[in-house]
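According to Swiss-Prot, the ATP binding site annotation covers G13, M14, S15, G16, A17, G18, K19, T20, on the basis of sequence analysis. The GTP binding site annotation in Swiss-Prot covers D63, L64, R65, G66.
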Amino acid sequence: MASKQLKLVIITGMSGAGKTVAMQSLEDLGYFCVDNLPPSLLPKFWELMKESDKMDKIALVMDLRGREFFDSIEPALDELDNTNFITTKILFLEADDKVLVSRYKETRRHHPLEPNGSVLDGINAERELLSDLKGRSQLVINTSNMAPRELRERINNEFQTEDKDIFNVQLMSFGFKYGIPIDADLVFDVRFLPNPHYIDKMRPLTGLDEDVYEYVMKWPETQTFLDKLVDLLMFTLPFYKREGKTQLVIAIGCTGGQHRSVALTEFVGKTIQQKYETTISHRDMKRRKGR
């Protein structure tokens with residue numbers, strides 16, 4: 001009998017969110033992939049894989065196409081958690097409702113939960129049914145603003161470096177007027193800070209411009225907030241990592257996502273970057289006309 005540690009990635013999530021693309025990406029990374037395996041067969045499947053000397057990385061797509069999915073997925077995952085030769089990671093893919101509806105319209109497909117009814121009703125039912133599974137997932141990716149190529153790149157970045165024990169912190173600025181990022185783990189509101197938008201010469205600029213950055217940073221309340229925020233993050237990040245998270249999405253928001261949130265996201269990101277693998281993005285900065 002082979003004595004080795006097997007790696008299992010379970011790909012699940014919303015219908016239309018990109019599970020097929022994720023499976024193909026993992027297949028390219030050397031994973032043996034199985035689509036639509038019934039959850040009740042999962043423990044038996046892994047006993048067979050344990051005997052194989054050729055396969056040590058497996059990816060399974062598991063979703064509501066399997067009729068017994070919702071009844072048997074949780075017990076199957078609990079059993080896997082108690083199996084010492086398997087390291088399990090759940091990859092959950094989701095997207096905003098309007099994006100999923102648009103994708104269904106483009107493909108002219110019916111939602112599997114509402115084959116004769118409203119696509120949106122099916123999406124809402126599926127989202128509710130999957131809420132517990134999403135909560136126990138180690139990696140959640142929102143594909144609303146991703147092309148298939150971008151999702152492949154994201155999967156590659158996550159799983160190519162998996163053996164290096166990478167923990168990625170994503171710092172994102174955003175504007176509350178455009179909605180809170182759906183994939184954010186932590187959200188911080190900086191609308192209490194003085195707003196450069198009301199200074200004519202700064203209005204067309206962003207927090208990446210030196211004048212705006214210095215204006216936002218000069219206030220005592222800004223410095224006090226940053227000291228407390230960085231202290232909080234440096235305290236909590238090791239514990240998020242200990243719980244098995246491979247990424248943590250931190251969103252910092254102001255009104256329009258142009259000035260205050262951009263400046264603070266840059267500062268916090270560059271500070272966190274000194275200790276953790278960090279990516280910085282500004283979701284709404286390009287929404288302004290002419291940029």
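Glycine residues also receive a Cβ, built from the backbone N, Cα and C atoms like all the rest.
Cβ-based neighbour count (10 Å, all protein chains) for S15 (ATP binding site) stands at 22. In sequence order, D63, L93, E94, A95, T143 are the residues of the same chain, not among G13, M14, S15, G16, A17, G18, K19, T20, whose CB sits within 8 A of the CB centroid for the ATP site. Closest to D63 (GTP binding site) by Cα-Cα distance, out of the binding-site residues G13, G18, K19, is G13. The secondary structure of G13 (ATP binding site), as reduced to three states from DSSP, is extended strand. Taking the Cα atom of each, S15 (ATP binding site) and L64 (GTP binding site) are about 8 angstrom apart. L64 (GTP binding site) and G16 (ATP binding site) are 12 Å apart (CA-CA, integer value).
Under 8 Å, Cβ to Cβ, and six or more positions away along its own chain, T20 (ATP binding site) finds D35, V61.
Taking a C-beta cut-off of under 8 Å and a sequence gap of six or more, M14 (ATP binding site) has these contacts in its own chain: L93, E94, A95, L100, I123, E126, R127, L130. Spatially, by CA atoms, the binding-site residues G13, G18, K19 include one closest to L64 (GTP binding site), and that is G13.
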